[in-house]
């Protein structure tokens, strides 16, 4: 049973929080300081309670006849009402106006987002991409406009499946917010910090950190310059911490290192646009006020961030290269125990001390589909400069892959003294689903059409007369 928590990582001053003017991309010194001194609730899966004004949260109940300060109450559910209590998620808001106050939704075209994969490309080929180009300084592209879907599987209308997106942008979402009706987003920044305002409060998310924004939560992203990164979307359930099994009670991503917002609000009457992705299509509606008007809230359905540098890495200390599942940060499970809609896995700095062992990843053909990205540095299974920060690769179900020829020869003859790998941070979105690849991903200029050739120089070393 998750615990009730209302103690942020830093003491919360309970003052009224007002946002700076968001009509342009200029940030005052005071506004910049606001982002660097944010306070957070701490813990994974906790039931939080937070308010900007004393008494804004009703005592011992959820929906009083009249809320204090003339607020409206609203519940946002993240699961079915009848789900077992240990996995039931919802949050109660106490806000200036409910989000039901808006004009009619209209169908719009935003970005290059795909959710219907029926007519997309099917290929078992190993695929690799260079980093997405950042928008030109003369253009203005916000986070949603800069999204490009790389591939996926399933159907959000059935709440089954997943998709992978990449983004490159350079502008803030001015008087615009977004919510995803189709699934949860796990965002991995590679370049540039994300200043995320949500209904629950604010999160500053920089490279080396990730953020999860669950289905239905409205958010807006401000930036100070170009940004680039990756998005994993899951249509089933929600992300959870992986079971530790024989590892024990501690290790990998520790629950107390996850951070969620404290209440923050703005009371601003303004022409505002709310955009949503619903059943794979994009819709927008006009509002006359900011949706970030929640003065108090309590619940366990919240966005959260995590610093990947805090991951407690496990590894083999005598022999063999362990399976990548020991590097799992978060998982979203299917109905079959141990089988993931998607795992988020990282390959962090770590000591490698295995004896008599080929230490890089061995050659393999997996049951799962692997989409990989690079946050910084290099990956220890590739030396050809083809897999670089901001780039990506896709190795599909039972498609052979592994270290390139140069890495194989070097690791096969390396001095096996203890070595600390500190040269990079790669990650993997691993899914039980067989991903189809979008037309954009297959035809974009970043596609490396000669990736498969990195294995061609592998020599035949077999000698039946010599062990």
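Each residue, glycine too, has its Cβ placed from N, Cα and C.
According to TrEMBL, the features are:
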| type | residues | note |
| --- | --- | --- |
| ACT_SITE | 321 | active site, proton acceptor |
| BINDING | 364, 370, 401 | Fe cation binding site |
| BINDING | 379, 401 | homogentisate binding site |
| DOMAIN | 39-308 | domain 'Homogentisate 1,2-dioxygenase N-terminal' |
| DOMAIN | 310-460 | domain 'Homogentisate 1,2-dioxygenase C-terminal' |
| REGION | 1-25 | region 'Disordered' |
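Projection of TrEMBL feature records onto the structure.
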{"residue": "321", "record": "active site, proton acceptor", "CB count, 10 Å": "16"}
{"residue": "364", "record": "Fe cation binding site", "CB count, 10 Å": "15"}
{"residue": "370", "record": "Fe cation binding site", "CB count, 10 Å": "21"}
{"residue": "379", "record": "homogentisate binding site", "CB count, 10 Å": "22"}
{"residue": "401", "record": "Fe cation binding site", "CB count, 10 Å": "22"}
Please state whether DSSP places residue 364 (Fe cation binding site) in a helix, a strand or coil.
strand
What does DSSP assign residue 370 (Fe cation binding site), in three states?
strand
Can you grab the distance from residue 364 (Fe cation binding site) over to the residue listed as 'active site, proton acceptor'? Cα atoms, rounded to a whole Å.
12
Sorted by sequence, non-364, 370, 401 residues with Cβ within 8 Å of centre, Fe cation:
361, 365, 366, 395, 399, 400, 402
Sorry to bug you, but what's the C-alpha spacing from residue 321 (active site, proton acceptor) to residue 379 (homogentisate binding site), rounded to the closest Å?
15
